[in-house]
Each structure stands twice: as structure tokens, then as C-alpha cells.
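*Asks:* Input: one structure, supplied below.
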Amino acid sequence: MKGFHAFCVILLIFGSVSEAKFDDFEDEEDIVEYDDNDFAEFEDVAEDSVTESPQRVIITEDDEDETTVELEGQDESQEGDFEDADTQEGDTESEPYDDEEFEGYEDKPDTSSSKSKDPITIVDVPAHLQNSWESYYLEILMVTGLLAYIMNYIIGKNKNSRLAQAWFNTHRELLESNFTLVGDDGTNKEATSTGKLNQENEHIYNLWCSGRVCCEGMLIQLRFLKRQDLLNVLARMMRPVSDQVQIKVTMNDEDMDTYVFAVGARKALVRLQKEMQDLSEFCSDKPKSGAKYGLPDSLAILSEMGEVTDGMMDTKMLHFLTHYADKIESIHFSDQFSGPKIMQEEGQPLKLPDTKRTLLFTFNVPGSGNTYPKDMEALLPLMNMVIYSIDKAKKFRLNREGKQKADKNRARVEENFLKLTHVQRQEAAQSRREEKKRAEKERIMNEEDPEKQRRLEEAALRREQKKLEKKQMKMKQIKVKAM
């Protein structure tokens, strides 16, 4: 019984103590539940440390409607004691926001966002430049110019072809009646008549005729304007030019005498006298008027001697020159024809150019550039004049005095040429001798056999001594003749 009473006393004491503690918590208005387990307080703290607080998401909007998300990291002080963590969390929630503590924070730029992404700049483009033909005016001009050039090329090429064919159709019967071969293109070994023009390019056509007495052949060249070139077409608007027909007849040496003669437009003769080798050497006087023979004022004459002019200006030739003066550019007869002057970079040529007995005719096509196929018929009488001139050149012969004068003129021209080129020929001969000596020395030095090398040197010395002796003998002969 005593044990039972002692147990009751202990229960009463324990109950009074627990009731006193419960009253104390009510006064402080902070109620905490206690479990029967004495370590319940520690278990609650452990659970708080394991469960992480949810991360707070802060969403900020800027002026360009861009959003950035910032995540708060975990507290680095989780490894500290649990009571300090609870007290710190409670303090942050209970303490009011201090404006002075975060002063200037919002003014700082967000360096992390600027590094990760560059700002986008949107440029306002004017609406009239986006979908307008004015934006492509340069391309439009280039395409238009290209199309114009192509169209002009096709049209100009076709027109030149039509003009050439019209000329050939008009003159074909006359040519075939005077020449055996008409239209040889030179591709075959044997001369064959093709009966058509040879196109050299878009504006030049050739026709070779042969098989006639007193001449080797006749080359006809149709030189049309460059109608296929747009720039040339624009240039001709400022300065009109005519199409031309050039006829070159190569005479046999025995069928033409020695003389140089030319007749044609005054400006054309002045230009030819400067450019052509034979006219500049044998017709040094200025072009003379042909009024003495009844020629129009637009025509002038260049002649080596008066006898040639009198012989060429017969009635029929005067008829052609008078009636077709507007179509005649120049007529050039020469036994010393070599073409234009040869201009070399280093002085005069060392030898006279090769010459041929030639009759050269240059005619202007009517129309001054605005030519039509029907205008080619007007050139047919001029072709008759060419045929007549071939026969005239064969029949014409100089008298004895004229022949002697012509020979003196040719000897004078050759002598003047030799004087001009004497120094150059001496320099050329000296360079050839030095080159020959140099080659001989190299051959001697390259000889491996000493005995043979010695013999070659002795032979070279003997040759030099013989040359010196010959020069000395010539000098003695000159002195004897002078005495």
C-alpha cells in the first residue's frame, strides 16, 4: 500500500508541473505541440532542413516586352545549426523593406543579359523603297542598253549583208563577161569560181576575180559602215560617212609603163600623198586643179609628169570623171605601188619595199550612210570605167624623153633611200661581223683537243691578216687614182 501511495504522489506532482508549463505557453500565445517522444523537437528541425523552400520566381518586364527569369539560389548556410537558420528566416520575413539599403540597385545594367544576347535594332524602311521599280532603275538601264545593242547588231549585220548581195547581183553579169574566174575563196588548191562574196567580217566583203588579159587579178572589197556597232551608229549621227567600194587591179609587169598618177577628191589626194609611199616620193607637188581638162572643182590631179596626165585624160575618161564625180573618192595608177608608208620603231627600213604595178579605185556609195539596195545600181558605170582603165593602162606608153625622166626619178629615189639608210646598214653589218666573231671564239673555246684548238686560232689569225692586207691594197689604189 505504501508503494501505491508513493506512485499516486508522483503522478500528482508530474501533472501539476505539466499544467503549470501549459499555462505559461498560453500567456505567451505561442503553442507548441509535444509528443511523448523526447526527441520530437529534433525530428521537426531535421524535416525542415530536408525539405527545400520553393524557389521564388521574379518576372521583370522591360520596354521591349522582353521577359527575364531570375532564380534565387539555395542558402549557402544550410550546413549551419538549425536554430540560426530558423531565426534568420524569421528575421527576413518580419523585417520591413529598407529603401536606403538597396539604393542604386535598379540603376545598374543587367550585365548577364547584355552578354548573353545583343540588343536587336529594328530600322524602319520607307515603304516606297520596298516594292517600287525606282529601286531598279540602274538594272533597267543596263538591260535596256544590252537589248538595244543586240537588236542593233542583228539589224546592222543583216543590212550590210543585203547591200553586199545587191551589189553582187548588179555587177555579176559584167564581171563574168570580163573575167574567167569570179569569186575564188582560196580554200582549194585549184582556182574555182564560187560565184559568191567572201565575208571577212560583219562589214567587209571580198571578191577575187582573175582570168583576164594584161592583169594578174582584181580584188574587190566592199567596205560598209559598222552598222552592227551601236557606238559607231551614234558617232555617225554627228559626222555622216559613206560606204565605200575599193577595187585593186594588179597589172602584169610588161603591160604597164613606169609612171605614177592619181585623180580624185582634193582632201582624199592630200591624205593619200601623206600616207602612200609612191605618191610622197614621185609626186612631191601639191594636188593641181583639173579645170584645164574640164574636171569639176571638187577633183584634183597628182602626176609624176605632165605627159602622163595628157595621156590619161582622154574623152571617155573625162566623161566618167565628170558625170560621177560625187561617187569618186580616188583613182591611183602606179608602177611603184607598195601601200602605206612603213613606220618602224628604230629608224628607216634597211631595204626598199616590194612594189607592184597597180590600179587602185575607191568609190563612195550614194546615200551618205543611208544606203538602200537599189542604190548599188548607180555604181555599175564605175565598174565599166575600171574595165576601160585596165585596157587604157596597157595601151598607154611614154615617149623616149618621158621614159628617161621616169628612170631618173626612180634612180634618185633609190639613191636618197641608200643615203638615209647608209649609217643603219653599216651598223647592221658591224653587228653581223661581231656576232660571227663571237660565234667563232665560242667554237674555239669549246674545243677539247688542245692541238685542234691551236690550229683553229691560227686559221682565224690568218683570215684577219688577209682582210687587213686587202684593205691596205684598196687604200693604195685609191691614192694612186687620186694622184
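Glycine is treated like the rest: Cβ placed from N, Cα and C.
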*Asks:* Looking at the ranges 314-347, 450-483, which is given as coiled coil in Swiss-Prot?
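*Replies:* When 314-347, 450-483 are checked in Swiss-Prot, coiled coil belongs to 450-483.
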*Asks:* Given a separation of at least six residues and a C-beta threshold under 8 Å, show me what packs close to N178 (N-linked glycosylation site) in the same chain.
*Replies:* C209, R212, I387
*Asks:* Count the residues of the region 'Disordered' (424-483) that DSSP assigns to helix (H, G, I), to strand (E, B) and to coil, and report the three numbers in that order.
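*Replies:* Across the region 'Disordered' (424-483), DSSP assigns the residues as follows: 55 helix, 0 strand, 5 coil.
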